[in-house]
Structure formats: structure tokens, C-alpha cells
């Protein structure tokens, strides 16, 4: 089972990190902005520049640049600012939203995605400027929930290749193939095999849409340079019979490789990308549970990689669970007292429970007794009901959380007890949904939660996309009552409770953590992504909200603050990497200098800020090859 939080780091306590998150020792230092306004050398001119989204500025090319790059006469004469370009685009966007729809079956969100994607295809700088300026509106378009719909329809939406495709047919060729990518430097790869896209199942090669969307957020939230990101699809076939029979499907129309053949393909891919780009970070995304844990354990101690579904979801959930304790008016150190019923025993569900158990154990002393005591705070329910030691053919990853027979019996429960019965008997502080089963938190289940011993029970309906959410906030507040904490994986509107009261819907989106984990790892130069670095990221997110906010039931910040949140999370990751002696530095900042920077909270935040790319048009200078 994956070890999410490094037990050898016992001395690095939760409270010390939180204190460090909130204090700063002012000592001014200055750093060169490495992602600032530097002239960019290009090896193309004329129409070639206009057809290259990395360098195209459209009508924003100055007259000097038009002369220098042979563009005079190829553009309308009026030079426009980037703000004017955005104004024009937004007017067109609002006008075209309805016109871009392919009939009544094409929802408005997909129409927005089409228009944004066209902008992405012709002008990357402007695309990210629009995305960052309107992140609350467009994050749900380029990422969950709309990206799920995009993936389902990707064969029909495909217009222009983006990213790389490594397939089972490419075995033995990947080491040479990787040099077909034009960028000499890649900082971030998001890779999927399309086997478990969100809660939509096996979408095969169409799953590349999730890798593209994820990297859009790495750029928008973390300021990773878009010329140094790479979405990747590893196509080993599909077990989706509909796709196998679809003549328009773009992927391999064969059943998935399995066993050693499957591992051999992933191994070859990892060797290829790390040979060409030794310092790249690889995020695994939407691999089926069967492989998610195994691949994480296979590579995590030797490569700069992590699995967002397992580790990112766990980190965001931990931050939310700690926030829920604060919202109940209790100190975070009371977290080990929380009774948590978990619906879902897949990679995400078990990943969260494992991480929460280790967090509790750290607070209780981080020894074997504490670890065993923390286990008793969880009741895990899957499609077959409550998991106990009587379960036949139990998943090895779920085994540590199987209830002992005598424990279950004392609570009036048994192997296979239904979710409503478990909630009724346990009276939990938290009902946590990671099942990918829409509506699982039925009226009966929510009615049962009214018997919670907590004065403010928490409901986490974390499954994506929206249709897979275990319940809606309206259902939760209506059935359980006003005095609850609600969080979801996909965005929902707040609920009007009447008399000026608001039922806050907190979106526990992985977007709060994965950009900062990636950026912090990049800027630290850490050799691996350790459990401590992931823990530091979660704790910094948990500490981000003020006491006044959490007492109102607001446990996650607004998406509009995502750049600042990512900066804070990345700083925490850098500091932890330095503390664990994993950091090797970045660019002209070596490990010793980084250690000095990390002694001051303001300095490390400045260091992170100065290395975040912003979508500003650079000055282009032509140079012959």
C-alpha cells in the first residue's frame, strides 16, 4: 500500500508547519525574475509566425516587429493592445456561445470549450491571459466538469494535435519518438492511459483531453511556462466495446494490454521521457485503480512523479477535513477524534483514508499504537456494503481498513451493512463520498446523518464530474439542516437558506494542490516528491482560510485566488524539500542558496512568485537557424 506521509519525519510536526505558514521574519532579499520579460529568439517569420500559437500575437504585433518579422501587410494596420484583443474576444465569445453549439444536444459549456480551444490553437498567450483573468468562470470549462464531456466526444472534437501519443504499437520506438517533440526543455508532463477518466470509465485515447485540461491549470494557476508542458496519452487499447466498434474512434481498436505487457509499455515511456528530460516532473492522471497504486509504488522513489488521483485527492481531502474540524469550533489537533464514514474504496477513496489515518497518527505521537488507534476512526463502505474482515477476496489496499468483527458487532453492524445503516449506527462527524456514484447520498442516508453526534456534521460529495456527485448541496441542507459543512469535487452554487443566510458550497478541487506541488517540486529541484512535501502542501492549504471564514462554514478559498494559493502551497513544498535535504536547487539558485531563502517566509514566497510565468507578449527577435 502506498506510504503517503513519511513516518520517518516524526520530528516535523503538524503544528510547527502551521506556525511556519502563518509567520514571517522580514529580511529583504532580491531575486532576478527568471520568468520575466526577456526577448525571445525565433527562427521563423511571416505567415509561419502567425500560424504558430506559441509566438503569434495577432493584431498586437508592433510596427517595429512587423517590419522585423516580415509581417507588414499581413495584418490589419491598427495595432491593438492585449487588453483590446481580450475585449474583442469576449464580445465574440458571448455572441458565439449559442451559435457554436451543434444542436440541442451540445450544452453551452461545450460550446464555450470549442471557442476557447480555437483561441488556444492560434494564440497561447492570449488564451492564458483570458483563462487567468476569468479563472472562476473558465476553470470548469477547461477542467472538471466540462472536460469529462470533452473526453467523451474527443474523436469528434479533434481538430489539431496537441501533446504526444505513445501506443502499444510503438514498443521499442519510444526512445527515438520522444525527440519528435520540438521543445528542448519540458518541466511538466501529465500522462494518462484513458482507463478511468473522472467517473466516466474507459475512454481510451480520448482521455488525452484530461491531460490537456490539467496542464492548462498548471499554466494558469502555477505559472508553468506553456512551452515547457507536455500532455501525453499512452494508448494500450480500450475495453470499451463501443469505442472498439466505432469507425471514427482515433485510438487502437483492441482490448487493453495487461500484466507484464502493460508494465513494459509504461516502463519504456518513463525511460524515454526521463532520458531526454532528466528533470521533468510526471503526473499520472486517471489510471484505473488496478494500476494507480502499483505504478505509484513502482516509480515514486526513483523518479520525480506523483499520482494526483491518489495523492492530490488525498491532500485536498485532508485540508478539507482539517478545515471541517476548525469549522466545528475545535482545534485541528482534535482531528483524531473525528468519526468518518467513507463511501468508495477505489484508488481515491483508499488514498484519502490512508492519508487521513497517517495524519491522525502524527497528531497522536506517530507510533504504532497511534497508527492502530487512528484506523478505528474509519468505516469504509463500497458497492457491497461495509468492509469487514469477513469480506472474501478483499482488495489488499482496503484490508487495513476492514472493520474487525467484534467492533462491527458492538455497533450493530455486520459485513455488507448498507451505507444508511452504517451512518445511522456510527453517527459520524464526517460523511465522505469518493464513490463516483451520483446520488449515492440518498434521502435515507442524509436523514441518518441527522443523528450525528457532531454539532456541525460535514458532508463531502467529492466525486467528479457533477453528475457523479453523491448529493447536491440543496439536498444536503434541505434534509440534514442548515448547520452543516458541505464540500464537493465539482462546482455548485451556494444555497440560499432564507433570512439572509447562506449555505456555503465548498469545492474541494484538486486544483488547489496539484499546481503548487508541481511548481514547488520544480523550484526546489527535489529528486523525488516525498510524503512530507505532500503533507506540507495540504497543511498550508488548510491554514489558508481565516478563523472567521471557517466558522461560517467556508473551508476552501475561492478559485479566483488560485495564483496566490498556488504560490503559498509551492512555497511550503520548497521549504519541506529543503528540510528533508531533497532540494538540489533550480537554475542559478543552488541548494545552499535555496536553504538560505527558505529561512524567511517572505523570501521563499518572493522566490516562487518571480518564477511564475505570466501571459505577456515577449519581444520577438528573428534569428536564422
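One-based numbering along the chain as shown.
Placed from the backbone N, Cα and C atoms, the Cβ positions cover glycine too.
Remember, TrEMBL labels are computer predictions, not curated facts.
What TrEMBL records for this protein:
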ACT_SITE  143  active site, proton donor
ACT_SITE  214  active site, proton acceptor
BINDING   196, 464, 509  (S)-malate binding site
BINDING   285, 286, 309  divalent metal cation binding site
DOMAIN    120-300  domain 'Malic enzyme N-terminal'
DOMAIN    310-578  domain 'Malic enzyme NAD-binding'
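Every protein chain shown contributes to the tally, and the Cβ of residue 285 (divalent metal cation binding site) ends up with 28 other Cβ atoms within 10 Å. The Cα atom of residue 214 (active site, proton acceptor) lies nearest to that of 285, taking the binding-site residues 285, 286, 509 as the candidates. If you take the Cα of residue 309 (divalent metal cation binding site) and the Cα of residue 196 ((S)-malate binding site), they are about 10 angstrom apart, rounded to a whole number. Its Cβ taken as reference, residue 464 ((S)-malate binding site) is surrounded by 25 other Cβ atoms within 10 Å in the chains shown.
Confidence over the domain 'Malic enzyme NAD-binding' (310-578), given as mean pLDDT on the 0 to 100 scale, stands at 94. Spatially, by CA atoms, the recorded positions 143, 285, 286 include one closest to residue 196 ((S)-malate binding site), and that is 286. Of the chain residues outside the divalent metal cation site list 285, 286, 309, 192, 196, 197, 210, 284, 287, 292, 307, 308 have their Cβ within 8 Å of the site's Cβ mean position. Residue 309 (divalent metal cation binding site) is surrounded by 26 other CB atoms, counting those within 10 A of its CB over all protein chains shown. Each of the recorded positions 196, 214 was ranked by the number of other C-beta atoms within 10 Å, and first place falls to 214. Among the recorded positions listed here, namely 143, 285, 286, 143 has its C-alpha nearest to that of residue 509 ((S)-malate binding site). Distance noted between the C-alpha atoms of residue 464 ((S)-malate binding site) and the residue listed as 'active site, proton donor' is 11 Å. Over all protein chains present, the Cβ of residue 143 (active site, proton donor) has 24 other Cβ atoms lying within 10 Å. In sequence order, 192, 193, 194, 195, 196, 197, 198, 207, 210, 309 make up the list of same-chain residues 6 or more apart from residue 286 (divalent metal cation binding site) whose Cβ falls under 8 Å from its Cβ.
Here the CA atom of residue 285 (divalent metal cation binding site) lies 13 Å from the CA atom of residue 143 (active site, proton donor).
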